[in-house]
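Novice: First, the structure itself, so that you have it in front of you.
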Amino acid sequence: MTISISDLRKDYRQQSLSETEVDPNPLQQFQTWFKQAIEAEILEPNAMTLATLSREGKPAARIVLLKEVDDRGFTFFTNYKSRKGEELAHDPWAALVFWWAELERQVRIEGSVSQVSAADSDRYFSSRPWGSRLGAWASEQSKAITGREVLEQNLRALEQEYRDREVPRPPHWGGYRLSPTLIEFWQGRPNRLHDRLCYRLQGDQWQLERLSP
């Protein structure tokens with residue numbers, strides 16, 4: 001059976017999005033949508049695409065998990081020596097995208113990124129499962145290795161080392177917070193005439209505008 005990619009399409013008809021319905025604060029609006037994504041039992045609603053830039057201006061994107069959102073922004077955790085960590089150290093601006101297909105919704109976010117405090121990183125790290133804490137030590141993220149056995153050998157050694165004591169947070173592992181300057185809410189609509197409401201930070205105030213699809 002031959003599948004024509006160009007024929008793959010879906011007409012979105014679930015909901016609409018109007019300026020009169022949304023919260024004047026986009027972070028509060030995100031919280032509303034995020035709660036609805038959880039209630040819809042979407043698989044990993046906190047999964048988001050993180051896009052960064054290399055020194056040469058080449059983009060890279062990957063899925064990471066949102067671990068906290070508040071009025072300060074969107075927090076995730078990773079290895080500071082990974083490719084994304086190195087790129088954020090060079091250019092601390094990034095973009096996030098959430099895609100909730102079951103709700104026919106997308107949220108796009110742009111902003112500056114900074115490391116969270118060591119205390120915040122310690123607090124989250126200590127909440128992780130034991131194996132995940134060991135994994136943060138076992139893997140030199142984004143580095144080439146000769147085979148999976150390297151990781152498994154590292155893990156076995158760490159299991160012995162920390163069998164009877166707490167696993168500390170590696171100094172090269174911790175959190176980042178993206179402080180948004182732009183948040184766009186996208187709701188799929190019929191005939192590709194989607195609703196797009198975009199908040200832009202002007203000074204300390206959020207300005208809302210509708211974008212043409």
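The backbone N, Cα and C atoms fix where each Cβ goes, and this holds for glycine too.
Model, not experiment: these values are computed from the prediction.
So Swiss-Prot lists the following for this protein:
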type: BINDING; residues: Arg9, Lys10, Asp11, Tyr12, Lys67, Tyr124, Arg128, Ser132, Arg192, Leu193, His194; note: substrate binding site
type: BINDING; residues: 62-67, 77-78, 83-84, Gln106, 141-142, Trp186, Arg196; note: FMN binding site
Novice: Run through Phe77, Arg83, Gln106, Ser142, Arg196 for me and report the binding-site residues whose CA is within 10 Å of the CA of Lys67 (substrate binding site), in sequence order.
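Specialist: The binding-site residues close to Lys67 (substrate binding site) (Cα within 10 Å), listed in sequence order, are Phe77.
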Novice: If we check Cα distances from Asp11 (substrate binding site), which of the binding-site residues Arg62, Leu66, Arg83, Gln106, Ser142 wins as closest?
Specialist: Gln106
Novice: Indicate whether Ser142 (FMN binding site) is helix, strand or coil by DSSP.
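Specialist: Note: Ser142 (FMN binding site) is coil by DSSP, not helix or strand.
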Novice: Within its own chain, what residues at least 6 apart in sequence put their Cβ under 8 Å from the Cβ of Phe77 (FMN binding site), listed in sequence order?
Specialist: Lys67, Ser121, Tyr124, Phe125, Trp173, Gly174, Gly175, Tyr176
Novice: When you rank Arg9, Arg128, Arg192, His194 by Cα distance to Arg83 (FMN binding site), which of the binding-site residues ends up on top as the closest?
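Specialist: Closest candidate to Arg83 (FMN binding site), judged by Cα separation, is Arg128.
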Novice: Taking the residues Arg9, Lys10, Asp11, Tyr12, Lys67, Tyr124, Arg128, Ser132, Arg192, Leu193, His194 listed for substrate, what is the greatest CA to CA distance in Å, to the nearest whole number?
Specialist: 43
Novice: In angstrom units, rounded to an integer, how far apart are the Cα atoms of Arg9 (substrate binding site) and Val64 (FMN binding site)?
Specialist: 27
Novice: Return the residue, from the listed binding-site residues Gln106, Ser142, with the maximum count of other C-beta atoms within 10 angstroms of its C-beta.
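Specialist: Counting every other Cβ within 10 Å of each candidate, the maximum falls on Gln106.
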Novice: Quick one: Cα separation, His194 (substrate binding site) versus Leu66 (FMN binding site), in Å?
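Specialist: Just about 26 Å between their Cα atoms.
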Novice: Using DSSP and collapsing to three states, where does Arg192 (substrate binding site) fall: helix, strand or coil?
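Specialist: Assignment for Arg192 (substrate binding site) reads helix.
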Novice: Express the distance between the Cα positions of Arg192 (substrate binding site) and Ser142 (FMN binding site) as a whole number of Å.
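Specialist: On Cα coordinates alone, these residues lie 38 Å apart.
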Novice: Considering the binding-site residues Arg192, Arg196, which residue's Cβ sits among the greatest number of other Cβ atoms within 10 Å?
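Specialist: Within the set of binding-site residues, the most crowded position is Arg196.
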Novice: Where Leu66 (FMN binding site) and Arg128 (substrate binding site) are concerned, what is their Cα separation in Å, rounded?
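Specialist: Just about 14 Å between their Cα atoms.
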